[in-house]
């Protein structure tokens, strides 16, 4: 029986692409901020695409969502107030509220259409958004951070790629603003692309975070649907060190555990040299 | 200026593909065992393709070659005699002979055309093949292993995917033969595909290696040009434990270091459950 | 604003492909006979795909439907009873009943799902199916032809490619059966692929039709979505010659006219040599 | 045996692509005017690509070269002096000098690299360039035409697509210049893209040619490797009518013959309406 020959292709950069066989289109929309598509893939289940870039899939979303959240959340000894900038699909929020200490988690997403599409097409990712501790704000995250000094224990920056609406989320000015929005022992983390293709970006972010926070740390995870599959996150912390984490405080994870926490901090030699240079 | 629109596509499975923009073809050959192509890519430099599958590229070869070799080589306290099965490009041999203890390294490659193509098009990968300690044998690796009982300290299985000529390298019979070819404290490791797509293969190999060697261990590395980017290796050891490694004994690595050694052993929760089930 | 990167690719043969950007999937089904997909394309409007092959599109369907029907229909001076074998989308029927002389048009389509999908997604193609003169039969066309000797003035064979269910429609036995099902001055025509890629098929069909009918003729049209864009049709006739057509008897055509009728019979030198050899 | 998975893709427009499986790259060059690539394809033999667009292939070049040349060349009763603007591969020249009446054929090609690459990689296309009647000029064709009033019997415009260096070849100013460069009974023809995708261009060119020459005519041919496969040419003539051609004056053609000459002038209804509107 012949296969459907319908493929979604992401040109990850001008020389590299990934292709996913598609069973059907579920949704296509031009929001005020970006294009938004939802596809049913054969390999990874449902796929969320913003401006032509893979955002998340049913089958591998757990890696990114667990690792952007649990590494900094565990680094803080007692996170009560958490802010997620971006992350409208709800995956980061879902992980954040697994921490029993969390009293309030704010989602500051600029594009309400992402939240709606996630609720409809990715109910298991969006599940946490209806938790009573969660406050979904459809606002400009940059402005929200500026307006809330000394408020949060942890801030997680779940942005799209550093083009279009997300450019401002990769600037020193923004990290300084995040620093002010954090309490005196706060921790932040941001997704910062692939060390195999985005060396310059990673170096710039590390320089900016290092210039802002007393403690900084790049860490890594395997995200199959992102370019090269090796994904980096950058953490900034005022007091607490990620190396000091002893135990895993959350259950029902599929990627994160205490060993993986520490393994993610061990950088391959070329990445180590990249961030130390 | 318009880009060349020449792309190499690997259908990694029937639902997933990777595409690399090609600058030019350098070599195409049908050997007695497989098709062999060498391309110049924009993203990763030169690319070696066997039977349509990406084998190695200039830019990311170091990950696979360092991780398949140095994790087991360091696990053995004093490796003198080493066998590489497959690996005709020479990358594993190049890493093996970085270990000062090595006295003899045999390459048992079935397809001499791979060795020749590597010498011509990937001189920096093939460099080690001309070292006086290296013995290149164009032979059937399965037979070679059977014929050399109690001979090697470390055996590394650098095979193509488990289809075609490499099928026999993924069988319990072969691992038992490897066990016999190892000395009384020998260590082996094999490349064993991606935990995101080859779960059944990994479980079968782990079951077979666990049934053959007292000590077994899956470990991971980020290889951008292999499916999903998360690649697994399976180690079998008679006496020595990979967890006991203290220091890095080699220099000039770009991925491996002592921290990465231990990090590679820390398995994400779903992989842990996969190999423990 | 980034484009959707969803593409339908037809591998027209193992060395040639056509790609169409897709807006959305409308329908996917595995019928008892074949896979059936309906897509919304950017270039050609809606697209009907059977077993992975482009069947028809909103924007270029008129060429194939007008040319398979009107050239033989005009060759017959007074077609009253017409049979369409295959053609479940209804496009050929729609053209057939433009001829005022037609009293009855039978559609013998093996796969009812094609008729249903066409009615739903291609209403302007399927429109003729509800005409009172039209008799839609969901039957095996080969058997239907065998069972109706001396019945039709014109028989039109609107088949898929000569693989799978349509193989029997490209055999001498079938053309002989068609000959018997035609009245004493009947005319038949069949779609017979591209002279640029299917030379052997065209030669075989021409030999078989020439061996069955006193008058035979290959003719051509431009169908953008079929391989190479140059498409052939083979006509067999008991008495009437396509060269004798004087005027166009139908209105509202977009491709066919009296000049195009004769132009379609003028074969490029290499096609002439192909069918005369 | 697995197939090479190397494909050349031409994005014919943003919604439509053609793919050709490539055996190897033969040449890649950035000339002062454009990129130039030569590939060995499986389907069509060697392929010449300028600025990412298919120019010609071994297997189907005869259609375009015969039809751009022989239709206007036969329209002129006795062509002695002929100018080809563009056409550096030599295919048009090769056809022009098949006419026994031709005394001199000038090739005015702006990019000498095209001529050199054709001589090396497409010797059977370039063959005519060494004929003693042929004068190859590496010059700006627009300027050359301006500088040679009342000189030629036939001018053939073998341009690339109307972007980049070829834009000026699709302007009314240029057609007027061509008119002046022709003798009092001269004939011109230009390639003018596909009626299925370039309707506006064709209407503009027809309006301009009709406003410049007493006699104008669009005609068609099947070129598999050009978008949609249906290709148009626009002829302008001072005195002679293409309809008056009686016999074919050249031998060894593979597409053109006297019947095809007239058939090419018969326009499908939608094309007729396009050029008459």
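Each position is counted from 1, following the chain as shown.
Just so you know, glycine gets a Cβ as well, placed from its N, Cα and C.
Whatever TrEMBL says is automated annotation, not expert-curated.
Straight from TrEMBL, the features:
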- A:158: active site, proton acceptor (ACT_SITE)
- A:34, A:109, A:140, A:141, A:165: S-methyl-5'-thioadenosine binding site (BINDING)
- A:65, A:89, A:158, A:159, A:160, A:161: spermidine binding site (BINDING)
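For the binding-site residues listed here (A:141, A:165), the lowest count of other CB atoms within 10 A around the CB belongs to A:165. Rounded to a whole number, the C-alpha distance linking residue A:65 (spermidine binding site) with residue A:165 (S-methyl-5'-thioadenosine binding site) is 21 angstrom. In the three-state DSSP assignment, the secondary structure recorded for residue A:34 (S-methyl-5'-thioadenosine binding site) is coil. For residue A:161 (spermidine binding site), the number of other Cβ atoms no farther than 10 Å from its own Cβ, over all displayed protein chains, is 19.
Here spermidine is bound by A:65, A:89, A:158, A:159, A:160, A:161 per the record. The longest Cα to Cα distance in that group is 16 Å. A separation of roughly 9 Å, to the nearest angstrom, links the Cα atoms of residue A:165 (S-methyl-5'-thioadenosine binding site) and residue A:159 (spermidine binding site). Classification of residue A:161 (spermidine binding site) by DSSP places it in coil, neither helical nor stranded. In this structure, the recorded positions A:109, A:140, A:158 were compared by how many other Cβ atoms lie within 10 Å of their Cβ, and the smallest count belongs to A:140. The S-methyl-5'-thioadenosine site is set by A:34, A:109, A:140, A:141, A:165; from the centre of their CB atoms, other residues of the chain with a CB within 8 Å are A:33, A:86, A:88, A:110, A:111, A:166. In the three-state DSSP assignment, the secondary structure recorded for residue A:89 (spermidine binding site) is coil.
Non-local contacts of residue A:159 (spermidine binding site) by the CB criterion (under 8 A, 6+ apart in sequence, same chain) comprise A:85, A:86, A:166, A:169, A:170, A:190, A:191. Among the residues the record lists as binding S-methyl-5'-thioadenosine, namely A:34, A:109, A:140, A:141, A:165, the two farthest apart have Cα atoms separated by 16 Å. Annotation for residue A:89 (spermidine binding site): same-chain Cβ neighbours under 8 Å, separated by at least 6 residues, are A:48, A:55, A:56, A:61, A:114, A:115, A:118, A:122, A:125, A:126. Taking only the Cα positions, the spacing between residue A:34 (S-methyl-5'-thioadenosine binding site) and residue A:160 (spermidine binding site) is 11 angstrom.
Within the same chain, the residues at least 6 positions away from residue A:160 (spermidine binding site) whose Cβ sits under 8 Å from its Cβ are A:34, A:50, A:51, A:53, A:55, A:86, A:166, listed in sequence order.
Here the Cα atom of residue A:141 (S-methyl-5'-thioadenosine binding site) is found 11 Å from that of residue A:158 (active site, proton acceptor). Here the Cβ of residue A:34 (S-methyl-5'-thioadenosine binding site) has 22 other Cβ atoms within 10 Å, regardless of which shown protein chain they belong to. In the three-state DSSP classification, residue A:109 (S-methyl-5'-thioadenosine binding site) falls within a strand.
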